[in-house]
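Copied over from Swiss-Prot, here are the features:
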type     : residues : note
TRANSMEM : 16-36    : transmembrane segment
TRANSMEM : 113-133  : transmembrane segment
TRANSMEM : 138-158  : transmembrane segment
TRANSMEM : 172-192  : transmembrane segment
TRANSMEM : 213-233  : transmembrane segment
TRANSMEM : 248-268  : transmembrane segment
TRANSMEM : 273-293  : transmembrane segment
TRANSMEM : 310-330  : transmembrane segment
TRANSMEM : 337-357  : transmembrane segment
TRANSMEM : 387-407  : transmembrane segment
TRANSMEM : 410-430  : transmembrane segment
TRANSMEM : 470-490  : transmembrane segment
Amino acid sequence: MLSPVNVSIESLNLMTLVPMLIPIIGALFIIVIDLFKSEQDKSLYVMLSLLILGVDFVALVDSAGVFANNGTIMGVFDMMLIDGLAILSQFIIVGASMLFIPLALTHKRFHEFSYPEFFALFLFMIAGFQFMVSTDNLILIFVGLETASLALYTLIAMHNRDKSFEAAVKYFTMGALAAGFFSFGSMVFYALTGSVEINQIATVLTANNYADIGFVLVGVVFLLAAFGFKLSMVPFHTWTPDVYEGSSAALAGYMSIVPKIAAFIVAMRLFEFLIHSGVVWLEVILYMGVVVTMTMANIWALVQSDVKRMLAYSSISHAGFVMAAILIGTTQSNSALFLYWILFSFTNLGSFSMLWISRQKNLPAHQQSDHSYDKFAGMVKTSPVAASIMALFMLSLAGIPPFALFWGKMYLMSSAITGGYTVLALIMALNSAIAGYYYLKLIVYMFMKDPVVENNGHVYSANATLPLKTIIGIAAIGTIFAFVAVNQLIEFVTLFVYNSGY
């Protein structure tokens, strides 16, 4: 006869679920409102979503205080793991989401924002990403990954452009393949160690001195491929330009930030112990992936004729940059990862939001792209403020001081040198120089060429709604004045990373 199992509510520590339950309950609340009052103005759903995210942010602040006083918090049969990595990444996820949602207050022709399902799916997606970063259990990571991914596929398809459904299908196909790779890699590690918890997997493999190195490499390759799809690492990046092009510019900017920080955290938890295992092949595989991703993405970005696709390849290169922090594997590099991505979030979301200002409802028959370089030619004459702000974001992405990403790149390359990866730091510097060309190319078009279409100015002014101006203004202020807070930000991030044992 089986003995009874006694589980106390205190041992479950259900408070660890609060940051995830808030967006889930909020999404269900929006659906219920729509059931009873289906003709509500979309601004109600925007305000509700912002309120829900604000409450979620407050809950994260409370979790940060508990972590600062008590250290890592475990809950729900030790499946939930609330440490510094989880808290910092959730701040980025929720913060970027709060910057994205007001963009829904735009013209009615972007009809996906008129549906309450859009906001409910968006909140479910956020909860999925929060689960991903708040556990070291491979099963729960997979559940969070699929929850977020399925919602994101639908959000892409809801955009009312011809390429949106194609983009959603491509993303779904690649996502399904990534899910298969993740499942197989997890299965290999479970077969080797009898556990699906990353901490236990590390303990067992270390105790066995990596005796089954062949199977370990198989598991690593499959998991790296899964992360490669989610992080757009070469050669798993092929979906990225097409999906970004088929999505709205704002959603593309959001996709370049939030899904990737979730994947970065899972990769950091998993590869941190593998890189320090002393098995040189594990390090070599990741090293090659980082260098190839940074370099090839920059080369492809150089030859793009569409600004949106250029920014898509640029995002791939930046993801390779940040993966270098995981390869280096020191507290300084892991702190640099968060610093870099926080600063990148302001700059890249601002860049894609500027593309949204230049959007057109109906493209001319001869025009295949809504964001060709020619469209930005002479922008300083038709809309000088828009040209100046776009130039600001391009200079930051290029790493030009004193703008935001300069500090992220410097701190990351410094961590590479300190960690003994001097050659990698040189490769990163070289790639930054290459990237500078295609960022400055757009600035040249805006400031040194004559307008191809003389009346483009009315397009910018018509599209620049107050919410869009506000978000771009916040992004621009963060990009310009990052140097004021960068030292305090490094100290804050390092404290949380160090106290998490990374």
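Each Cβ is built from the backbone N, Cα and C atoms, and glycine gets one as well.
Same-chain residues lying 6 or more positions outside the transmembrane segment (387-407) and placing a CB less than 8 Å from one of its CB atoms are 314, 318, 339-340, 343-344, 346-348, 350-351, 354, 376, 379-380, 432, 435-436, 439-440, 442-443, 446-447, 472, 475-476, 478-480, 482-483, 486. Spatially, the transmembrane segment (337-357) is adjacent to the transmembrane segment (248-268); three or more Cβ-Cβ distances between them are under 8 Å for residues at least 6 apart in sequence. Long-range contacts of the transmembrane segment (310-330) within its own chain (CB-CB distance under 8 A, at least 6 residues past either end) are made by residues 231-234, 237, 240-241, 244-245, 252, 256, 260, 264, 267-268, 271-272, 275-276, 283, 286-287, 289-294, 297-298, 300-301, 304, 336-337, 340-341, 344, 348, 351-352, 355, 397, 409, 412, 415-416, 418-419, 421, 424, 428, 431, 435, 438-439, 442. Sequence-distant neighbours of the transmembrane segment (273-293) (same chain, 6+ residues past either end, Cβ-Cβ under 8 Å): 198, 202, 205-206, 210, 213, 216-217, 220-221, 224, 228, 232-235, 237, 316-317, 319-320, 323-324, 326-327, 329, 424, 427. Sequence-distant contacts of the transmembrane segment (470-490), counting only residues of its own chain at least 6 positions beyond either end whose CB sits under 8 Å from a CB of the stretch, comprise 99-100, 102-103, 335, 339, 342-343, 346-347, 349-350, 353-354, 357, 389, 392-393, 396, 402-404, 407, 411.
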